[in-house]
Each structure stands twice: as structure tokens, then as C-alpha cells.
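Per TrEMBL, the features are:
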- 6-27: transmembrane segment (TRANSMEM)
- 39-57: transmembrane segment (TRANSMEM)
- 69-87: transmembrane segment (TRANSMEM)
- 121-137: transmembrane segment (TRANSMEM)
- 157-177: transmembrane segment (TRANSMEM)
- 189-208: transmembrane segment (TRANSMEM)
- 220-237: transmembrane segment (TRANSMEM)
- 249-267: transmembrane segment (TRANSMEM)
């Protein structure tokens, strides 16, 4: 493996595994109650929407034009809207006998309700992990291209991405921790979502120059933005409304969007003038 690729791979690991640091904050604290979980789900939804609209879709429109960018974006929306029809919604398994149905009140009913909450939140956590992984993939590409310009550029970019990825690790680990009550599962899934970054280095180093048209890549990333927007509005936002209340959840969403927008801005200004994330 080329030494420049090894350097880029090491730098991307610094950025990607910073999601583990965000997960560490989660697993070292107590599991949140439902209201706090709803607020944090709203915050995570804001992160996802900001990435979708202000990063992926925005870059696609700037790169391939307004019409093509929108076609790719809404293709992603329609594609996953169709796929979502075949994904079973998390729900309670029906009880098999009449006696258990009659006792489905008090403590039993509370336990069943909590099981339903945990299933819904786990589903949301997996969606967040997938969305963050897709977002981290082009960041790995940017680290590779930056490191080709010099170690200083690559290092600055990797550090900026690392800071940017910490709240993403929180957004992934928190719902998994709540749903499974397993610190290891929360830490593992958040860390795996960050590994998309070094994967991006490997892909761009060995496949991008020969087999992937840059316009198609920009379009695919726009479609990923559409998928993330649909998942956020279809799955994460309703959970935030249910657990934290509509008014509080909306505030959390906008706070998450502002936080990620600021993070994307500081990441952008850390890039050299001729390199775009």
C-alpha cells in the first residue's frame, strides 16, 4: 500500500474514531429518561437534516446543477419511501392467551409500553447510524485528497472532522444505549459508523480515479441526502414529538441544525481553497 494512502488512512481513523469519543460520553452517563431521550432525538434529527439539506443536497446542486441535483435528491426520497413500505414498524408482539391480555395493566402494561419504546428507539438508532455512516464516507475522501496536498493539510482536516464527529457519536450511541441498556452495544455501533471514513479513503484511493464518474458521485451523495431527510422526518422526528412534546422537540431540532451548520462551516474553512468536502 502506498505510503500516502497509509497516512490518509491513519488520519481518517483519527476523524472516524472520534465518534467513539462521543459514544464514550454516552456510556459513562446514566441512561436518559424518555423526555430527555426525546430532546436528544430532536437534536439528532437536526444534525441529520442539516447534513442532508446544507451539506449533501447543497453540494450536489452546486456541482451538477439545480435540476440534476434535485432529481437525484428526490430520487433518494422516493427510493427510500418505497423501501420503507417493506420495513416492518417496531411494535409489540401480540400476547397468546386471554389471561395475559386481562393482566395487561398496571406493571405488565408499563413493561410492555417500555418494550415498545425500546424497539422504536433502537430502530431510530440504527437509522441514525446508517445516515451518519453515509455522511462520513465522503469525509474520508476529503481526508485522502487533503493529505495528497501535504501532511499539514490532511492533519488539519482530520482534526476538524474529529471535532465535528463527536456529537454524531452521541447521536448514534444514545438511542442504542437506551434501547439495549448495553454500553458495549452503544459504543460498538457508534464506532462502526465512524469506520465509514477510512473506507472512503480506500475507495477513493483505488476505485475513484478509474471507475467512478465525479458527476455520478455528486448525484449519489445528493440521493443519500434525500434518503437521510426522509428517514429523519419519517422516523426520528415523530419519536422526538412523542417523547419530548412538539414544542420542545422543535426547539431541539433547530438547535441540532444550528450546531451542525456551525460545525460544517468550521470544517469548510479548514479546507484549502481548491478542495471541497
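Cβ coordinates are placed from backbone N, Cα and C, and glycine is handled just like the others.
What TrEMBL says about a protein is an automatic prediction, not a curated fact.
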Contact yes or no, the transmembrane segment (69-87) and the transmembrane segment (157-177), 3+ Cβ pairs under 8 Å, gap 6+: no
Chain residues in Cβ proximity to the transmembrane segment (189-208) (below 8 Å; excluding those fewer than six residues from its ends, i.e. six or more beyond): 2, 5, 8-9, 12-13, 15-20, 22-23, 26, 125-126, 129-130, 132-134, 136-141, 143-145, 161, 165, 168-169, 172-173, 176, 217
Interface check, the transmembrane segment (6-27) with the transmembrane segment (249-267), three or more C-beta pairs under 8 A: no
For the transmembrane segment (39-57): best-contacting stretch of 121-137, 157-177, 249-267, by Cβ pairs under 8 Å: 249-267
Same-chain residues at least 6 beyond the ends of the transmembrane segment (121-137) whose Cβ lies under 8 Å from its Cβ atoms: 16, 19, 37, 41, 44, 48, 51, 55-56, 89-90, 165, 168, 171-172, 174-176, 178-180, 189-190, 192-197, 199-200, 203, 224, 227-228, 231-232, 235-236, 239
Close approaches to the transmembrane segment (249-267) from elsewhere in its chain (Cβ under 8 angstroms; 6 or more beyond its ends): 38-47, 49-51, 54-55, 157, 160-161, 163-164, 167, 237, 240-241, 243, 277
